[in-house]
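Presented below is the structure to which this report refers.
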Amino acid sequence: MSIEKGKGRAMDIDLPLGSESTLPWVEKYRPANLEDVVSHKDIISTLEKFISSNRVPHMLFYGPPGTGKTSTILACARKIYGPNYRNQLMELNASDDRGIDAVREQIKNFASTRQIFASTFKMIILDEADAMTLAAQNALRRVIEKYTKNVRFCIICNYINKISPAIQSRCTRFRFQPLPPKEIEKTVDHVIQSEHCNIDPDAKMAVLRLSKGDMRKALNILQACHAAYDHIDVSAIYNCVGHPHPSDIDYFLKSIMNDEFVIAFNTISSIKQQKGLALQDILTCIFEALDELEIKPNAKIFILDQLATIEHRMSFGCSEKIQLSAMIASIKTGVDLAAKVN
């Protein structure tokens, strides 16, 4: 994302005049050029060489959300096709049908034709392709093989293991890592200045912590808080996103380790309900806080194993009350076991 004045504007995507002020900041500050894309310098350099030598292959972009995969390929399309890049581009995402019928009809029809007076290939972007069925992926493989002269595919996914090996072998793969906090901070600073956000330095650092390398998440948090509060402090950030405050986690751990089971359960349940916290977020924060907890290594090992089991159960939709009880019990048991060893 751009950090220079005048760059990082909303891309010209046929929006009504004056609509830029209503755009989500994720779109408003999406990089228009490859030079504006944050981080991933090696990937950008390789893509620029492909484009300059007119040897663009089929590509597979994979990595966590909010790391610039879609922004990068759209910037590539602008560089290849110029301002009218939308005429040469087909983009399908999670809101579209990506079953076998979509591959046989939409994708095949687009890939099998060429633009009149156009000397270059067209491009198809399949975003969140890891949601495609195996049958659709097999059909896509045949389309990729048959129409390489007409079209280049860019397949984007979060989990590469959900993409069939046959498609992987036909694409040049690029892994997009989570963005470093310093890179996200540059863009966040630019947005804060451009949007005149009244935000405390500690609150900005909270945004960076909560984003965890996800630029989209950072900008969405910032925009939500800017809309809800005239002055953004740390509490505003955590209240707006419904994430446990670090002081809450410290309080939870002290209660678990010092109070009786029933008191600890009632204390955590009350705060959890009052602030609308999710047990999954509490579990993740307690996992992160265990590093600073002064308990024996064998107790940490036991607790971590139990937390992993609880998280696994939660993925199946188990009762949060039961799993909260299990979390409290596992931490208490781990601490007691360490005390007995001594």
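Just so you know, glycine gets a Cβ as well, placed from its N, Cα and C.
Some features that Swiss-Prot has for this protein:
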- GLY63, PRO64, PRO65, GLY66, THR67, GLY68, LYS69, THR70: ATP binding site (BINDING)
Tertiary neighbours of PRO64 (ATP binding site) (same chain, Cβ under 8 Å, six or more apart):
ASN158, PHE176, GLN177, PRO178, GLY213, ASP214
In terms of DSSP three-state secondary structure, what is the assignment for THR70 (ATP binding site)?
helix
Could you name the residues, excluding GLY63, PRO64, PRO65, GLY66, THR67, GLY68, LYS69, THR70, of the same chain that surround the ATP site, i.e. Cβ within 8 Å of the Cβ centre of those residues, in sequence order?
PHE61, ASN158, PHE176, ASP214, MET215, ARG216
Ten-angstrom check, please: count other Cβ atoms within 10 Å of the Cβ of PRO65 (ATP binding site), all chains counted.
15
When you tally the Cβ atoms that lie within 10 Å of each candidate's Cβ, which of the binding-site residues (GLY63, GLY68) has the highest tally?
GLY68
